[in-house]
Structures are given as structure tokens and as C-alpha cells.
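The annotation [4Fe-4S] cluster 1 binding site is assigned in Swiss-Prot to Cys141, Cys146, Cys152, Ser387 on the grounds of sequence analysis. Among the features that Swiss-Prot reports, [4Fe-4S] cluster 2 binding site is placed at Cys172, Cys176, Cys179. The feature compositional bias 'Low complexity' is assigned by Swiss-Prot to 40-56. Among the features that Swiss-Prot reports, domain 'Radical SAM core' is placed at 155-376. Sequence annotations record features per position, and here Swiss-Prot assigns region 'Disordered' to 40-63. Per Swiss-Prot, transit peptide is recorded for 1-37, and the stated evidence type is sequence analysis.
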Amino acid sequence: MAASTGKLRTLFSAHSSLSARPSSALPALRLTILRSYATTTPPDSSISDPSNSSTTVKRPPTAFKDKLNAGPAFSDFVSGKKDEPLDPAEAYALKTALVGPAGRKKEITRLPSWLKTPIPDSSNYKRIKNDLRGLNLHTVCEEARCPNISDCWGGSSKSAATATIMLMGDTCTRGCRFCSVKTSNKPPPLDPHEPENTAEALSRWGLGYVVLTSVDRDDLADGGARHFAETVLKIKQKAPNILVECLTGDYAGDLEMVALVANSGLDVYAHNVETVEALTPFVRDRRATFQQSLRVLKAAKATKPELITKTSLMLGLGETEAQLWDTLRALRAIDVDVVTFGQYMRPTKRHMAVHEYVRPDVFDMWKERALEMGFLYCASGPLVRSSYKAGEAFIENVLKKKRGKNVGSASGKGTTSENVEKLVAGEAVR
């Protein structure tokens, strides 16, 4: 900038000295004023000199333009040619997708069309949700992000609608790699009003079937078994016609607590093995073992032989066909009555990845195999969960086969409800 200003001053000084001479002695003079620039880069000669039109600067092609040029032409869409089968590379490209910020993208498996569900919207769904909020109750339907929430809460009829209440709070003391429920070593204390509030809500809804489940509470001496049993008693008092299924934890292997819940007046005792034995250490919390789950189901049936026992397995975790056969044989050996199969769906990217999206026809195949092995009922499908349409399944299938048997009959010392009430209160049964 200073150099350019100096040149201007020199030129103007020369012009002043020449203008002082007589006009007859002055030669023709053309004054050129130099323009100074803030940067040191000189202007493009092709721009400053219009005569130099042969040299032009081309703009670099954009990535978007390249993709358009490399893509299909308009004729490809209107040619009317019959679609040809995709080659393996093209099929894989449609099955997967890259997600994440630039430079850190990860390949994920796309969700198949058969796993996509509509947004929940029904009057029964809204009413149940509002009542839950008013009574400070939790459901595993919401906490575990179940895709069937509108289907189950709506139901094909009011009496067949199913709700799954999650007792003892929304924070679990265990951390299974497939589950989206919150975890903590010190969850909040139990709500003493929860059994009464749960019974009150269910009596309002007029449901025909309810599933009670809970988080694991290893911080409690009894694992929450007495709280569970008290809730069942309250429900049966306020709504004696409602069918109750209890989906319990393993109570750290304490079979006395299993017997306490089994004698509480419930209709179905459920405990999930979740996966095959070989994958259990990688899927569930290390405190939950496959053999311990079998002992829980066996103890429930031994406590009350007429009780219906139930379990559930997730597919798509990497299990083999031979491992599934072994699992079903182990379940039938301890007289489990009902089994369900469903697709594992990753709740968040922090949870274990899906190994495989199992096709619907494979689920149908395992349903047929389970029924042939002697299970009373099997619900099997990509969107099936442990309590998926449990009311309809139980009412339409299992109860018909068990009709004529008094499920709630008294046995042993005193009636079932009397014994459980004493145990819940901490009294000895005589």
C-alpha cells in the first residue's frame, strides 16, 4: 500500500513539473492512475484486461453435481423395463446405512418394513396414560419403549386390552445390555401406596387382563417379593374378575420369595430367560444366569402345580438353531406352559447391536415347533414381546384348555390369600 502511494506521488510530481513548461514544448502525456489493493495478490489479468478473453477460470464441480450426473437418467424412470434382481452389493447397500458426523460415520442395519408401527392414537390409550400419570404409576410399555403400546392398550375389545404395570419404581439395580430401563445401585425407596394405587387404577380401567412386572431390587432383603404379593392381593380385592400375570425377577435365587409370589392369587407366573444359555452372560446382567431362571420357573410350578408358567426369548442376538432347540427342551422339562419369541430391537446406540433381523416366516416356524413340543400357547413374531396381547392369548387359548380346573383353589394350611397376607405382614403361617 505504501509503495503504491509513493508511485502516485512521483507521477503527480512529474506531471506538475511538466505543466510548468510552455505548452508548445510539452509532448503528449497520458496519466495512468494506479489502483492500490488491500491485499498483496494482484487482480486477475483476465478480468482487468478485457482483451484477454481466451483465458477463463473454471469453477470446480460440486459433489452434488457429480452425484446427479452419475445417477439414473430420466429415461430410466419412464422406459417401462421390468425390474431386474439386485446384485448382492446393491442389496447390502439398501440393507445398511451410514450415520453420524463426517469422519466418524458408523454402519448400521436398517429397520425392516415389518418392524415399523403406527403412532399410538386411541381413546383407550389416552385414558390409560392419563390415569398412570395421576396415580404416579409406571409401565414397562413406556419405559422399555415397546412398539406394541397402542395395540395392547387399545386391545380388540375393552376386556382384552392389556397393560403392563412396572412396580417398585422405574430404576433397576441391574444393567442388562438389551434393556433401556434406568439403572442405579441405590434406587429410591418403595412407594407404600403403590399397591393400593395400582388396584385403584385397574378397577377404573375395566381391563380383563393385567401384567405386573418390576425392576430388580437387589437393594431390598426380599427383592420386593412382599410388595409384589401385596399388589396382587389388592387387585383381587378391588377387581376379583381381572386376570393377573406376574412377570418377576429371580429374587437373587431365593426360592422362598418365588413361592410367596406364586401363592399371592395370580393367574400366570412369568419369568423370562431372555436368550439361550450360551449368550446369557453377554446379554443379561452377570447376576442373572440361565440356570437360575430355570430354577425360578420350576419352583413356581412346584409351589402351585395348576399355575400357568410362562417365559420369553429374544431372537436376533446371534443364537443358533441348535441352541434354541436345547432351550425349548429345557423349558418343557420343567413344565413351562407358555413361551413367546420376539425380535430384539436396540433401544439406543449405547445398547448391544442387533446381530440379525429375523424374517417373519422364521418366527412362524418356531411357533409351530413350540406347539408340537407341547407348549399350551406360543406367541411368535418380530413385534411380539413377553406380554404382547397377553390378555387375548390367555383368554382365547390357555384358559379354554384349563377350563374346569379351579386355579385359585385353596391348598395346604389355610387359604392362599390368608397365607400371603400373613407373609406380607411378616407373620408366621401356622
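Note: Cβ is positioned from N, Cα and C throughout, glycine not excepted.
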Legend entry - Environment of Cys172, Cys176, Cys179, the listed [4Fe-4S] cluster 2 site - residues of the same chain whose CB lies within 8 A of the CB centroid: Arg174, Gly175, Phe178, Ser180, Val181, Thr183, Val215, Asp216, Asp285
Legend entry - Assigned conformation of Cys172 ([4Fe-4S] cluster 2 binding site) - DSSP reduced to three states: strand
Inset, instruction - Quick one: average pLDDT across the domain 'Radical SAM core' (155-376), no decimals. - result: 92
Legend entry - DSSP-derived class (H/G/I helix, E/B strand, else coil) of Cys179 ([4Fe-4S] cluster 2 binding site): coil
